[in-house]
Structure formats: structure tokens, C-alpha cells
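Going by TrEMBL, these are the annotated features:
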| type | residues | note |
| --- | --- | --- |
| COILED | 146-173 | coiled coil |
| DOMAIN | 156-297 | domain 'Endonuclease/exonuclease/phosphatase' |
| BINDING | ASN159, GLU186, ASP294, ASN296 | Mg(2+) binding site |
| SITE | ASN296 | site 'Transition state stabilizer' |
Amino acid sequence: MSCFHRSLVSYRKKNIFNILEKKVINRPRLKKFFYSFSHHSRLNCLRSLSKRRRMMILKIQEKYCIVRIQRIPFGGKDLLKMLTKKEPLLRGNILTLKKFRRKDTSFTNIVVTKLQRKMLLKTVKDIGLKVLNNRKKRLVLPNHRNKEMKEKIKLLSLNINHLSNKREELEVLLKKEKPEIMCLQETWRQSVFPLRLEKYTAIETSSSGKNKPGLITLVKKNGAIRCSKKGTNSNILQTVVEFRSVGKWIKYLIINVYIPQDRDLKREVLARLLSLLYEEKLKNHYSEIIVMGDMNMQDSSFKKKL
């Protein structure tokens, strides 16, 4: 039997597999000379252990699935004997059986290899037990690298009017609201170096020169979000943001706009924005096109132009 099969696996709340790898990995922490290592060596040891544990969890996730059946009046060992007696091929393919009791219902979860799932369902029905959940269940893991985006995305837009003296206020606002995307207008940043914020990627336009107030689009650093700069202008900043959802990357086009108060410039920027929206709508490359910013006009007049 392989090292993988000798590991003990227990199924806990929220469908999380917990690996008890004491038989597989000898933790250096249990050894007497662990604390004689340097701090750097200790960290490297623990990182390699967590990596091995994560790899084992992914292997289990690829190979096994969960079948939920109704409450049984006898023990798990008796059920296992009944199943293997009815279908000998299930022997060695069932990993664990665990009972759960809730206020309204009681059920038993069976962890079985994906290849023998149909065979198990058929055998359970032949015995006379009811399958409560026949759909394939994906095992949710904590700290999974391939994170998926939540359904609701928080967007913010703010005319900050000089960022240099309001950086601390911006950091407090980001910590409090925790938006996925935030658009800033009138930043007036003169620095050559790019803006750096914790947990956020900054995409910005230059604010040096006349009628160039500066725009910044902040995108949260997350395994389920990635971004890139598409096109730039003194008053229009385009950012392509991709969100991971149900194993796919969904593209959004975020347009950060600042329309100045000057009438001639306002008409010019509006005409450019409308032509850009028309072009992108015809191309149909994005699932959503979101326009945010400071329009310097009433909502009704802007809607009429759109």
C-alpha cells in the first residue's frame, strides 16, 4: 500500500479534508534538535512541510468524492461490510464513513474514489438505503491557490483632489470599505515612481501638464483577480480586470473618467468616451463595461448623451 493510502483522512465541517500526516511526515518540531536550528532553517522546514501537505490534499481532491446517505441504525463498520459483501469491487475504494447528527436530520458521509462512485450509488440503492445528495460535491480547501471570486464585487469612485496630502485617509478608507476596485480622479501626482499601496495594484495616468489632473484605478491583489492596462489618455483610463468564477476568467473593462468643467474640453472628452463605448460594444470582448468617475454634470444629462 502506498504512502498516500496510509495517510489518515477525516472529513470535517464545511467539506474540508483534514490530513493527519503523522504516519507520513515526521515533523521536525517533534524532534529534540528542532529548536537548535537557526530561525531561517526552521522556516524552510515548515514551508516544505506545508507544501507537501497541500500537495497531498490536492491529490485527495482529485481522486475522491463524497456520497451522502440517510441515517443508518447500525454502525459504520457494519455498513462497510454490507457494501463490500454486496459489491466486492468496493473493497479498498471506500476511504472513510462518518455519521453526522443535526437538529432536523441525521446522515452518513461516505468518501469513495471517483471511479467507483456510480457503483457505490447502485449498491446503496440495492441495500435499501436512500441517497440524500446525488450530485458531485467539490471539496472546498482552505488557502487554495485557485481562489474563486465572490458573486458581489464592491466598486468605489472618489474625486480625491490631490492625493499627496490625503494618502493616510485613502489607506483608512480602503481598510474600512475593502473594495475590489476603486477609481480616483484629480490625483495631481508629480512623482515619477508608481504608487504603491498594500494589497492593491495601482494603474495610473500621468498628471504632468495642463488639463491633466491624473487618474488612478486601484485593483485588489487577489488570487481571483488580475488586471492589465489597456489604453490611456489624460482624461480616460482603461483597465481590463479579470475575475475568476466557476473555474473561468471573466473579463471586465473598467473605464475611469474625469470630465473637466470647461465646455470645449467637456464636449471633446464626452465624444471620445462615447466613441470608445460604441467600439467596445461592437467588439463584444468583455462581459461587462463599467464606467466610473467624476462627470461634472447632472445624472439626467449624462444618461441622455449615453
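Note that Cβ sites are derived from N, Cα and C of the backbone, with glycine treated the same way.
Keep in mind it's a predicted model, so treat the numbers as computed, not measured.
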- Counts by DSSP class (helix H/G/I, strand E/B, coil) across the domain 'Endonuclease/exonuclease/phosphatase' (156-297): 32 helix, 58 strand, 52 coil
- Given the recorded Mg(2+) site (ASN159, GLU186, ASP294, ASN296), which additional residues of the same chain have their Cβ within 8 Å of the Cβ centre, ordered by sequence? ASN161, GLN185, PRO213, TYR258, ILE259, GLY293, MET295
- Which Cβ among the binding-site residues (GLU186, ASP294) has the fewest C-beta neighbours inside 10 Å? GLU186
- Task: Find the average pLDDT over the coiled coil (146-173) in the predicted model and report it.
- Result: 82
